[in-house]
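Copied from TrEMBL, the annotated features are:
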BINDING   Gly10, Ala11, Gly12, Lys13, Gly14, Thr15, Arg129, Thr138, Phe139, Gln201  ATP binding site
BINDING   Thr31, Arg36, Arg57, Leu58, Val59, Gly87, Tyr88, Pro89, Arg90, Gln94, Arg162, Arg173  AMP binding site
BINDING   Cys132, Cys135, Cys152, Cys155  Zn(2+) binding site
DOMAIN    1-215  domain 'Guanylate kinase-like'
REGION    30-59  region 'NMP'
REGION    128-165  region 'LID'
Amino acid sequence: MNIILMGPPGAGKGTQAKKLVEEFGLTQISTGDLFRKAHAEQTDIGIIADYFTKFGRLVPDDVTNEMVTEYFKNNLKDMKNGFILDGYPRTIVQARELEFMAAHFGFKIDAVINLEIDPEILKARLSGRRTCRQCGTTFHIVYKPPRIEGVCDVCGGELYQRADENEEAVKARLDTYLKQTKPLIDYYQMKKELTNINGAQTMEDVYKDIKKCLEGKK
Ligand code: AP5
Ligand code: MG
Ligand code: ZN
């Protein structure tokens, strides 16, 4: 099963992707995580990406598409149970490139899921998020607190706040989403591939709806 998971910043893409990884052995492909890893390793892509991500802007399509293509080239053979694209595509140019990749590598997208949610809720989610530096699991100081403050429940790694979690960057990310990514929702809607899910529910209820959607696609 290959899934595209869409939604504005803080909608719960990473949270839900991790649940799908755990239950179904899917591979999570988060372009945001790949950019942050590249930045930590100071690769060429990481240096370019940091310039855009820290201001809440999208990394240029050609850089992003090349990174995803490389990722598929190197890892597709290991994705036995399929994959979840978390945060890719974010523009129509990227969606078209993904269609090209699907034809080239021989895979098919089974579901396009969009987590719908009010921007006001997103701000609270993002300001309270804590992310594990080691395994990437996300927590929330109110909605999903770790057992020990500052420590990941899963691997014991250190929890940190992302560089793009300050008020200004969050506002920019929401603006970017509305301008550049929202048109993609219409694109998938027009192609009759989109499933909208209410992302404002509890994590468990969102997950239930996602599973219902996937059941229907089998
Ligand atoms: P990326 O890392 O993808 O960030 P994002 O899209 O802004 O989304 P987030 O990761 O912030 O939110 P999420 O939806 O994963 O929510 P989460 O599950 O963590 O991208 C970062 C940057 O990289 C972009 O700004 C851009 O610059 C660049 N980039 C990435 N992809 C790109 C692309 N394709 N093209 C160009 N540039 C790209 O949840 C948030 C918090 O809420 C957590 O604390 C969680 O515990 C909590 N929470 C989750 N669900 C619930 C719930 N149901 N109820 C209560 N709390 C919840
Ligand atoms: Mg995420
Ligand atoms: Zn961890």
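Backbone N, Cα and C define each Cβ position, glycine as well.
Whatever TrEMBL says is automated annotation, not expert-curated.
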Taking the Cβ of Arg162 (AMP binding site) as centre, how many other Cβ atoms lie within 10 Å?
16
Determine the minimum-neighbour residue: among Arg57, Arg90, listed as binding-site residues, which Cβ has the fewest other Cβ atoms within 10 angstroms?
Arg57
Over all pairs within Gly10, Ala11, Gly12, Lys13, Gly14, Thr15, Arg129, Thr138, Phe139, Gln201, the annotated ATP binders, what is the largest Cα to Cα distance, rounded to whole Å?
17
Judged by other C-beta atoms within 10 Å of its C-beta, the most isolated of the binding-site residues Gly14, Val59, Phe139, Cys155 is Cys155
Count the Cβ atoms, other than its own, that fall within 10 Å of the Cβ of Cys132 (Zn(2+) binding site), considering every protein chain shown.
20
Students should find that the Cα atoms of Gly14 (ATP binding site) and Arg57 (AMP binding site) sit apart, in Å rounded to an integer, by 19
How does the region 'NMP' (30-59) divide up by DSSP, counting helix, then strand, then coil residues?
20 helix, 1 strand, 9 coil
Overall pLDDT of the region 'LID' (128-165), taken as the mean:
94
Specify the secondary structure state of Gly12 (ATP binding site) as given by DSSP, simplified to three classes.
coil
Neighbourhood of ligand 3 - binding-site residues from Gly12, Gly14, Arg57, Phe139, Cys155 with Cβ under 6 Å:
Cys155
